[in-house]
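Engineer: Annotated transmembrane segment per TrEMBL: A:12-33, A:39-61, A:73-91, A:97-118, A:125-143, A:163-183, A:215-238, A:244-263, A:270-288, A:294-312, in sequence order.
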Amino acid sequence: MSNLASRGDLQRWAPLLVLVALIVFFTLVNPNFLSLKNFARISISATPPLMVAIGATFIIIMGSIDLSMEGSVAVCAVIFATLFTALGGTLGGWGWVALPACLIVGAICGLVTGTVHVGLRIPSFMASLSMGFVGIGLSLMMTGGDRIRVEDPLFRSLLTQRFLGFPLMVHVAFAVLLAAWFIQRKTTLGRNFYAVGGGEELAHASGLNVRRVRIAGFALAGVFYAFGALFAVAQLGIAETATGYNFMFVSITSIVVGGTALWGGSGGVWNTLVGVLIVNVINNGMIVMGLPRYVQDGVLGLLVIIAVVLSTDRKSLAFVK
Amino acid sequence: MSFIKDFIEKETLNRRNFLLASAFGITGAAAASIVGAGRAHAAGAIEDPTIAWSYRDRTNPYWNSIVSGGESFVESLGKPKSALVHLINEGSSEKSLADVKALLGKTDGKLALAIDANDSPNARPVVEAVVAKGAFVSTIWNKTDDLHPWDFGDNYVSHMSWSDIGPAEQTATILLKAMGGKGAIVGLGGIASNNPAIERRTGLDNALKNFPDVKLLDYQAADWDTQKANSIMSSYLTRFGDEITGVFCANDTMAYGVLEALRAEGLAGQIPVVAYDGNAQAVDLILAGELLATVSTNPHWGGGITAALAYYAATGAFKPSDEPHEHREFNGPTVLITKADAEEFKKKYIDATPTYDWKDFWGPSAGPITY
């Protein structure tokens, strides 16, 4: 019995151990790696993907998948920047209205994806992938392919101003992470995600409105994608269709590496935080080590497989598809 | 469903022809040119051809400028902007070829096509499809060295490219001089297999030969991508710290990412950075003192003139086969932009779009392509 428990414990903490091992390894190769300045750099590049990955975590806990993030982030970023500029282009004035507006747009994007998935009974994979394409197309239509620059020093202070060595955006993101943890832990909706992911028929038989939970999940994920869009714009000062690119791979990889199982019912936002940090530490560390680019991609793939092997309990699964 | 059957039969035939042509080897190209010349539309036969631009994507300022040039040319003919047909290949050579074939079918060969074939090997099947239908095509950037417009009579009108080695060497030299000829730089390159990425790197290497006291610390591909460049630059800062005294970027969009990584550390404007492409934002950054230099290839003119060449060859305004080789394969213009001329460049090219004579095909060009 104690043997079983320790195995479970190991799996539970495996992602964190992988993260620590990576940090030790990269520090041994280049001592510069272990510095507050570098951790600040890693956390800056990790912040937007973390927001997106938290949103997708809820969906994956439900046993579904959401691949619409690239489109949603692009739409949110472009609408935010357009509105922000139209309202005077500074947080000092009416520009702040664009912030909640962006979150609402994100929720609407998610709501549409969820409704398409549940209402039309299309698998979440296809529904969300397609809605992602729609989002990319929509943002292209709005921008005509151009970039919108957001240069308001007040908004950019999310990147340029530091507190305790970390930019403001990192602190704000941590607050959002705590909110996500609260939703996951303390709200009915959060608990329902686990119920749906753990056994949908059972949840349904217990009187849970599974369809409504699913739609709510997608809308909630959309809000976190909107946070991701805001931080991505704060980080680069540019909003464009390409703002959404690369998020799908990074977020899904991070969630899985963090130990949230793709078949649903387990994991959570702290796992996702560790997963996002693992992926970003690997990316940063490989350049700090000086590995050439073509080796980096291969190493990243291998490390992801190792992390998944260590951190997920596959013994209890009857089959893997 | 008979149209599907027709299509499959047609494609089978096409495939057979392609295999036969491959079997002929080099003579295949010659055979194609004979076939092309024998088709219905010789130069001058098409009264009002459809004008189309086939290119990679719309999220990139460079391709947007190309398109704006194409539209400006279409407007010079008294047509609305929407008369220009857009074929967007999204980085897929297969889609590029399929779109061209579909449009050739729709227009029955009454087509003037301007295209970047996405990658070099794709240029030949595109040109052969166009020639077989008696339409007219002008290409830019990507084609293999053994593919020449003059081997296809009039229908393969022209090819324009840009030699990036010289201009990249110039921007690198400006960077190295700004560093006082000593110190160390890092570099960020484009997608490793892209021609401009290779040429711009060569330009940097050439410049470095003249400055033996400057060390190239590392050169990584950031795939022309702002976000990737941003995270690579911050990792460089960890790895090399204060050692970095200059940054070479192979294009503007990567330089934006680099500058934001520097801004996050309060270093923007303190470490000299050079870029390439001459986009509006890059010119503003030069004026703000954060970017040292960039190079414009005048994509607006390139986009317009490539469509114009195909169009006027199709209408018979000029006969491509009467032109010398340097009018069929030539390099586009490159303009170096530094703080000294940024203001003037902005006034001339960005605030106001210059009006071009779209019949002056070779005026602004920069000489024949040499292999």
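Cβ atoms here come from the backbone N, Cα and C positions, even for glycine.
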Engineer: Using a Cβ distance cut-off of under 8 Å, indicate which of A:39-61, A:97-118, A:215-238, A:294-312 has the most pairs with the transmembrane segment (A:270-288).
Structural biologist: A:39-61
Engineer: Counting only pairs at least 6 apart in sequence, do the transmembrane segment (A:97-118) and the transmembrane segment (A:215-238) share 3+ Cβ pairs under 8 Å?
Structural biologist: yes
Engineer: Hey, which bits of the same chain come close to the transmembrane segment (A:294-312), Cβ under 8 Å, at least six residues off its ends?
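Structural biologist: Counting only partners 6 or more residues beyond its ends, the transmembrane segment (A:294-312) has Cβ contacts under 8 Å with 11, 14-15, 17-18, 22, 253, 256-259, 261, 275, 278-279, 282-283, 286-287.
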Engineer: Check the transmembrane segment (A:39-61) against each of A:12-33, A:73-91, A:125-143, A:215-238, A:244-263 and return whichever range has the most CB pairs under 8 Å.
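Structural biologist: Against the transmembrane segment (A:39-61), the leading stretch is A:215-238.
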Engineer: Given a Cβ distance threshold of under 8 angstroms, which distant residues of the chain, six or more beyond its ends, lie next to the transmembrane segment (A:125-143)?
Structural biologist: 65-72, 74-75, 77-79, 82, 109, 112-113, 116-117, 218, 240-241, 244, 248
Engineer: I'd like to know if the transmembrane segment (A:163-183) touches the transmembrane segment (A:244-263) in this structure, counting it as a touch only when three or more C-beta pairs sit under 8 Å and are separated by 6 or more positions.
Structural biologist: no
Engineer: Should anything in the same chain at least six residues away from the transmembrane segment (A:12-33) have a Cβ under 8 Å from its Cβ atoms, list it; otherwise answer none.
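Structural biologist: For the transmembrane segment (A:12-33), the sequence-distant neighbours (Cβ-Cβ under 8 Å, at least 6 residues beyond its ends) are 257-259, 271, 274-275, 277-278, 281-282, 284-285, 288-289, 303, 306-307, 310-311.
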Engineer: Under an 8 Å Cβ to Cβ limit, what residues of the same chain, 6 or more beyond the ends of the transmembrane segment (A:163-183), are close to it?
Structural biologist: 36-37, 39-40, 43-44, 47, 50-51, 54, 57-58, 157, 189-190, 220, 224, 227, 231, 234-235, 268-270, 273
Engineer: Grab the same-chain neighbours of the transmembrane segment (A:73-91) for me: Cβ-Cβ under 8 Å, and only residues 6 or more beyond its ends, written as numbers and ranges.
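Structural biologist: Those are 52, 97-99, 101-102, 105-106, 109, 135-136, 138-139, 142-143, 148-152, 154-155, 225-226, 228-230, 232-233, 239-244, 247, in sequence order.
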